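Engineer: When I checked TrEMBL for this same protein, it listed these features:
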- A:20-39: transmembrane segment (TRANSMEM)
- A:80-271: domain 'ABC transmembrane type-1' (DOMAIN)
- A:84-106: transmembrane segment (TRANSMEM)
- A:118-140: transmembrane segment (TRANSMEM)
- A:146-171: transmembrane segment (TRANSMEM)
- A:200-221: transmembrane segment (TRANSMEM)
- A:255-274: transmembrane segment (TRANSMEM)
């Protein structure tokens with residue numbers, strides 16, 4: 001408007017670079033950190049093509065071989081199946097029990113609430129190795145007398161235990177963000193307590209429950225330390241990899257590890273896509 | 001519907017008390033609301049009005065007393081067993097259901113065969129038909145308010161409860177919705193119980209207003225009656241503006257009491273005073289006070305004061321006048337005169353009012369209660 | 001401006017009515033709690049009791065792997081004297097890793113909360129996704145990356161900034177591995193608490209202080225404190241008990257307490273009582289630290 005008389009302020013190139021850097025500093029460092037997070041995944045991917053000999057540590061040449069037959073190494077696919085089974089059962093049980101607990105903790109007042117809070121919190125503040133050790137002693141010295149020996153069942157029992165607290169915390173946060181008046185409105189509109197739960201409360205906390213289940217599955221699937229204590233001769237995928245690492249992890253394990261990563265990412269992206277699609281369709 | 005109680009008739013609260021631990025939110029209330037009336041519970045926050053409402057809805061159970069509709073005692077029944085519906089503060093719409101499903105929620109729970117038709121009618125009534133497919137988050141506050149209303153009305157409850165239903169709307173929308181609510185109430189002819197802290201809202205909409213304070217009903221009556229003749233200091237101050245002063249009753253003069261206010265005699269109609277001896281708080285509404293430059297003739301009350309502030313409002317002029325007692329009175333003068341008064345801050349003026357317009361209440365509200 | 005909006009009844013400014021407190025009472029709560037609480041009782045509390053009992057047991061001389069019930073505090077004495085350096089290393093490495101994870105995680109969490117815009121969800125996925133490649137595979141990948149033949153050690157050696165000439169099999173590699181493995185546990189809580197914060201408050205901070213760093217120190221950081229607190233705990237606790245990073249990346253000698261517990265339980269016959277005493281000491285030390293830490297910086301939000 002008045003720029004005919006005054007030349008607009010034009011900072012020097014160096015100054016502009018400095019401003020640009022200041023504006024984008026957080027985003028640039030975030031990208032660097034993400035690259036750092038993905039670096040080992042990239043290595044895992046790359047070395048799944050390594051035409052390695054006894055150990056898969058140094059690059060020796062390209063091959064499709066491991067991708068063509070990921071189960072070619074004894075034990076690797078068996079351990080994967082075990083891990084998936086353990087993960088599925090533990091997730092199911094922990095999610096159900098944890099959701100019930102979360103409902104009690106948010107929606108009710110009762111004697112012993114503080115103690116329950118502590119009971120839920122302390123497992124999350126206990127190092128895995130201590131939980132593993134404690135479970136080992138009771139499985140070996142206590143429960144073995146009633147016919148429970150180390151193996152698949154003990155792994156599942158342990159996984160349900162350490163997933164439980166995380167489920168409670170996740171679902172609890174979701175229930176807390178729910179306006180209690182919405183449930184009151186349902187009751188006011190002739191819904192019995194059961195109908196109120198299934199028609200209103202449950203659909204509204206479902207995203208929280210789904211998130212908790214995902215968390216539980218990934219905790220279970222990736223657990224090694226506790227599993228190592230309570231698994232006996234049973235092998236899960238992380239345990240297989242750990243044991244193999246002594247003599248060299250076969251590239252087939254890289255194939256499976258990387259595939260799990262891709263599947264998980266596709267599932268999450270797919271779920272997000274579906275929900276945003278649904279939101280878009282509603283707008284019209 | 002197992003347990004559902006049909007009930008018709010007037011709403012009756014019978015010596016209802018609600019205590020939360022040591023705190024008594026509602027203290028021994030008796031209330032009678034005739035069928036089909038628009039009733040407002042008015043009071044400041046924390047006065048117990050929402051608790052009263054929740055007890056009628058069944059969301060709280062009274063510690064003592066009974067809640068009745070007609071001859072049916074509803075005390076102890078659950079919210080879903082009562083022919084009562086609520087429009088919640090902040091609406092509490094089901095965020096995961098469409099507008100249509102929100103409104104149809106009640107009829108479906110009651111297994112109403114005409115659920116779909118009634119839902120459409122209710123949406124029609126609040127003019128929201130074209131939004132039936134949307135989710136609540138896609139509506140504006142005013143639209144959500146209408147849906148909340150439709151969701152309750154669709155059930156044809158015997159009593160409709162409204163908990164600060166307009167509190168979250170902006171001023172203009174609030175005015176529109178006040179008219180709208182009044183229209184709908186006349187159209188459907190249900191008993192509306194409206195909880196609000198907005199005295200103007202209560203006065204515009206309700207047939208009967210109950211002013212609540214500290215768990216008690218201070219006074220109950222038609223808005224005009226409450227405004228004209230408050231019975232307690234709290235009501236006088238909460239409902240509209242009141243110019244007040246404290247005096248001691250010294251004498252009577254025919255139908256009037258004569259109170260001494262710092263040496264000035266002030267007359268109050270006997271029938272308009274709650275106290276007839278000792279200390280009295282007298283009050284007069286701003287529009288009933290006349291401002292003049294010189295002491296007028298006649299048998300009114302008059303006091304000399306000093307103008308502090310003058311605001312020209314168009315239809316009226318508002319004056320703030322410092323009184324000898326140290327209080328400040330406000331007065332509205334309609335701009336009827338050809339020659340305006342042309343007062344300035346600092347001018348001395350005479351304030352006059354008709355003794356028949358003044359009211360007298362106890363100085364201390366607590367003594368009036370017992 | 002906001003005062004005006006308030007008078008006009010602007011819905012954005014009108015405070016939401018306070019949510020009613022949890023008021024339901026009765027036996028339903030116990031029914032809901034019971035299965036989960038029972039599970040935690042049987043598979044968390046009871047094992048800890050057993051662990052406590054084991055930590056006081058004594059060995060049958062000459063029969064490795066066999067113990068008798070006893071009140072033998074000798075195990076604790078052994079745990080504290082023989083393995084004091086291991087405890088020290090565990091807490092030192094875990095502490096360093098926690099600090100480094102905080103330094104690395106904060107910019108990421110900050111960018112996700114305030115700068116990412118439509119990329120926010122994608123970045124969130126990127127933080128969680130590496131989890132799904134087994135953490136042992138990723139740790140093993142680090143042993144390749146940090147190997148003497150690798151480009152990291154090569155570059156550092158070329159620049160001549162690496163005392164001793166290698167990274168792998170040093171405490172440095174262990175700290176690096178711990179930092180990496182528990183980074184998401186630091187990022188997510190900080191992000192969550194920053195996301196809850198109102199960016200307008202930070203803008204107001206920038207308006208009042210006009211200096212990026214001061215705004216960060218006096219406004220942004222305090223607002224994210226609950227997240228930082230949770231993040232440091234979620235990083236420190238597992239790091240202090242970890243043995244995998246030491247096993248895969250660390251030196252042969254100078255192990256952490258996690259390695260000792262693991263070996264005593266699973267590899268060395270007759271190690272149960274001392275290992276149990278070590279576990280208990282570790283847990284007690286961590287709980288005390290958590291308690292002091294939460295009391296010093298704490299919020300009620302944690303539990």
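Using the three backbone atoms N, Cα and C, a Cβ is placed for every residue, glycine included.
In TrEMBL, annotation is done automatically, which means it is predicted and not curated.
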Engineer: Cβ under 8 Å, sequence separation of at least 6 from the ends of the transmembrane segment (A:200-221): give me the contacting residues as numbers and ranges.
Structural biologist: 83-84, 86-88, 90-91, 94-95, 98-99, 159, 162-163, 166-167, 170-171, 173-175, 178, 182-183, 186, 191, 237, 260, 264
Engineer: By Cβ distance under 8 Å, which residues at least 6 away from the ends of the transmembrane segment (A:118-140) in the same chain are close to it?
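Structural biologist: Distant Cβ neighbours of the transmembrane segment (A:118-140) are 101, 105, 148-150, 154, 158, 161-162, 164-166, 168-169, 223, 225-230.
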Engineer: By a Cβ-Cβ criterion of under 8 Å, what residues six or more beyond either terminus of the transmembrane segment (A:84-106) are in contact with it?
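Structural biologist: Contacts of the transmembrane segment (A:84-106) (Cβ under 8 Å, skipping residues fewer than 6 from its ends): 113, 116-117, 120, 152, 155-156, 159-160, 163-168, 170-172, 175-176, 205, 209, 212-213, 216-217, 220-221, 236.
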Engineer: Same chain only, please: residues at least 6 beyond the ends of the transmembrane segment (A:146-171) with a C-beta under 8 Å from a C-beta of the stretch. Say none if there are none.
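Structural biologist: The answer is 82, 85-87, 89-91, 93-95, 97-99, 101-103, 105, 120-121, 123-124, 128, 131-132, 135, 139-140, 205, 208-209, 211-213, 215-216, 219-220, 223, 226-227, 229-234, 236.
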